Amino acid sequence: MKKDIHPEYVECTVTCACGNTFTSKSNKSEIRVDICSECHPFFTGSEKIVDSAGRVDKFKKKYNMK
């Protein structure tokens, strides 16, 4: 590898929206994620409802669509 051309590989803190944190390695010192293994439905066995219909309704209302 050539010297001084690669980004520094440091230990980083990964923070999930659910509040779970863990450490990993990355070029950044801090990473924020929306979902992790502690809150993902596949790992928890529970179902999580995503409110995508609300976004569509908001868009239609904003642009006066029917």
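Counting begins at 1 with the first residue displayed.
Glycine is no exception: its Cβ is also placed from the backbone N, Cα and C atoms.
Small disclaimer: the values here were computed from a predicted structure and weren't measured.
Positions annotated as Zn(2+) binding site by Swiss-Prot, on the basis of sequence analysis: CYS16, CYS18, CYS36, CYS39.
Of the chain residues outside the Zn(2+) site list CYS16, CYS18, CYS36, CYS39, ALA17, GLY19, ASN20, VAL33, ASP34, ILE35, SER37, GLU38, HIS40 have their Cβ within 8 Å of the site's Cβ mean position.
Ranking the binding-site residues CYS16, CYS18, CYS36, CYS39 by other CB atoms within 10 A of the CB puts CYS18 at the bottom. CYS16 (Zn(2+) binding site) carries a strand DSSP state (E or B).
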